[in-house]
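The block underneath contains the structure these notes are about, expressed in structure tokens.
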């Protein structure tokens, strides 16, 4: 019995080493990868590479405070679609999220919060933002908008899910 399980374990382990994509990838169709681009209602289809890059960069640069789409410093505001669309200006498309990551403002849009929120504008205070290009910010924005399609109510849902 032990020999059968050890042989099966060895086979699975070898497959994971030879082709790690068998374990870690999911195929997302174009409809799933389609996210809002701008306020005019245009959309963009993220490439699989942009999806991977966005996830990696979000986890490295934003995930400490926004794990699962929540905001640890302000539990009343998350990254779920409703909260993004009700912000002023609305942050429910990639261009608006890129603008926010460059120059963050309060939820009502009246005050700059660059000194307390990581951004390109405050890269001297928040070193994680220093090396991010516009393409990186685009991928992060795409990741934020893609997550509600993949995690549904869990994204931005708060403590009850995490």
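Positions of Cβ are set from backbone N, Cα and C atoms, glycine also.
Marked as signal peptide by Swiss-Prot on the basis of sequence analysis: 1-25. Annotation source Swiss-Prot lists heme c binding site at 62, 65, 66, 117.
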What's the number of neighbouring CB atoms sitting within 10 A of the CB on residue 117 (heme c binding site)?
21
Starting from each candidate's C-beta and looking 10 angstroms out, tell me which of the binding-site residues 62, 65 has the most other C-beta atoms.
62
For the heme c binding residues given in the record (62, 65, 66, 117), what is the largest pairwise C-alpha separation in angstrom?
12
Cβ neighbours of residue 66 (heme c binding site) where a neighbour is any other Cβ within 10 Å:
18
In three-state terms from DSSP, label residue 62 (heme c binding site) for me.
coil
Given the heme c site residues 62, 65, 66, 117, which other residues of that chain have a Cβ within 8 Å of the mean position of their Cβ atoms, reported in sequence order?
63, 64, 71, 72, 73, 118
